[in-house]
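*Asks:* Handing you this structure, nothing more for now.
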Amino acid sequence: MIYTMKKVHALWASVCLLLNLAPAPLNADSEEDEEHTIITDTELPPLKLMHSFCAFKADDGPCKAIMKRFFFNIFTRQCEEFIYGGCEGNQNRFESLEECKKMCTRDNANRIIKTTLQQEKPDFCFLEEDPGICRGYITRYFYNNQTKQCERFKYGGCLGNMNNFETLEECKNICEDGPNGFQVDNYGTQLNAVNNSLTPQSTKVPSLFEFHGPSWCLTPADRGLCRANENRFYYNSVIGKCRPFKYSGCGGNENNFTSKQECLRACKKGFIQRISKGGLIKTKRKRKKQRVKIAYEEIFVKNM
């Protein structure tokens with residue numbers, strides 16, 4: 001009898017011990033879940049696509065082939081592999097990882113193209129007209145690399161690419177060549193607007209102004225896709241000043257600053273060179289009472 005009672009007590013003691021230990025691993029799982037939530041809640045900067053089709057989901061199509069292809073995943077913001085069936089599908093499908101990155105990642109958009117004339121032009125000027133996937137009817141302008149001119153088109157209101165300008169003048173200043181095949185006169189006009197003074201211009205030989213700043217400073221203001229009404233600043237490359245605009249809260253481009261000072265620091269630093277057959281003039285900007293003046297520091301003139 002005594003042996004049986006001891007056995008029952010031992011059994012109940014074991015049960016109590018197991019119940020006391022059970023919450024420990026449950027709490028551990030909970031903590032792991034909390035840690036995982038903290039990691040995944042990290043906010044990423046707004047996604048900016050080069051082409052609207054980069055936002056499409058991977059589509060293997062109705063056929064049954066097994067072909068390795070790549071697509072741009074807007075959630076991971078990377079090009080990833082998927083299996084394509086061999087027919088139909090959509091444009092977010094590339095034969096190689098390199099082709100996917102070239103068409104859909106932002107690193108490619110910030111490259112600068114140098115031509116044989118040593119002029120500089122943002123790479124997005126060479127993108128094709130893209131109205132986007134929305135159904136708006138907004139008049140915009142794009143640079144047509146076939147005709148070498150800025151032309152009007154109808155923008156849907158969302159996505160699309162960076163070859164998209166609100167005004168014809170803005171498109172011409174950024175993407176079109178000057179009358180002699182140089183992107184000169186446009187940037188020369190910018191300098192005059194920045195300094196509120198006349199800068200000596202050569203009428204005999206062509207010259208070239210190079211903007212040595214971030215390429216996104218040359219992009220137009222982009223309100224974005226959402227419905228907020230936040231006060232922001234963008235750099236207006238036509239007049240050479242930072243101007244306010246209303247930001248919707250998502251989307252848009254990198255020419256977007258929370259303060260005028262931040263805009264000036266990002267887009268007005270550096271220097272501009274003037275190159276011509278007659279010589280090389282290096283200029284640096286000096287600030288004085290909120291005005292910028294050109295100081296000619298070094299002048300190298302060739303003996304004719």
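Residue numbering: from 1, along the chain as shown.
Glycine is no exception: its Cβ is also placed from the backbone N, Cα and C atoms.
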*Asks:* From Thr42, Thr76, Thr105, Thr167, name the one Swiss-Prot lists as O-linked glycosylation site.
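*Replies:* Looking at Swiss-Prot, the O-linked glycosylation site feature maps to Thr42.
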*Asks:* The disulfide recorded in Swiss-Prot for Cys134 goes to which of Cys100, Cys104, Cys158?
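*Replies:* Between Cys134 and the options Cys100, Cys104, Cys158, Swiss-Prot records the bond with Cys158.
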*Asks:* Which of the listed residues, Ser30, Ser202, has Swiss-Prot annotated as O-linked glycosylation site?
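*Replies:* Ser202, according to Swiss-Prot.
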*Asks:* Taking Swiss-Prot as the reference, Cys217 is linked by a disulphide to which residue in Cys171, Cys263, Cys267?
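*Replies:* The record-listed partner cysteine is Cys267.
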*Asks:* From Thr115, Thr147, Thr203, pick the one Swiss-Prot annotates as O-linked glycosylation site?
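*Replies:* Swiss-Prot annotates O-linked glycosylation site at Thr203; the rest carry no such entry.
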*Asks:* Consult Swiss-Prot and report which candidate among Cys54, Cys63, Cys171, Cys175 shares a disulfide bond with Cys125.
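*Replies:* Recorded partner, per Swiss-Prot: Cys175.
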*Asks:* Pick from Cys54, Cys63, Cys150: which one does Swiss-Prot say forms the disulfide with Cys87?
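*Replies:* Swiss-Prot annotates a disulfide bond between Cys87 and Cys63.
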*Asks:* What mean pLDDT does the predicted model reach across the domain 'BPTI/Kunitz inhibitor 3' (217-267)?
*Replies:* 86
*Asks:* Just jot down the residues in the same chain as Asn256 (site 'Not glycosylated'), at least 6 apart in sequence, with C-beta under 8 A of its C-beta; none if empty.
*Replies:* Ala221, Asp222, Arg232, Phe233, Tyr234, Tyr247
*Asks:* Disulfide-bonded residues Cys54, Cys100, Cys104, Cys158: which have a Cα within 10 Å of Cys175 (disulfide bond)?
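*Replies:* The disulfide-bonded residues close to Cys175 (disulfide bond) (Cα within 10 Å) - there are none.
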*Asks:* Return only the integer: C-alpha distance in Å from Cys100 (disulfide bond) to Asn145 (N-linked glycosylation site).
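*Replies:* Approximately 22 Å lies between the Cα of Cys100 (disulfide bond) and that of Asn145 (N-linked glycosylation site).
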*Asks:* What disulfide-bonded residues among Cys63, Cys125, Cys158, Cys217 are found with a C-alpha within 10 angstroms of that of Cys263 (disulfide bond)?
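*Replies:* Cys217, listed in sequence order.
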*Asks:* Could you state the CA-to-CA distance between Cys134 (disulfide bond) and Cys226 (disulfide bond) to the nearest Å?
*Replies:* 13
*Asks:* Quick check on the disulfide-bonded residues Cys54, Cys226: which one has the highest count of other Cβ atoms within 10 Å of its Cβ?
*Replies:* Cys54
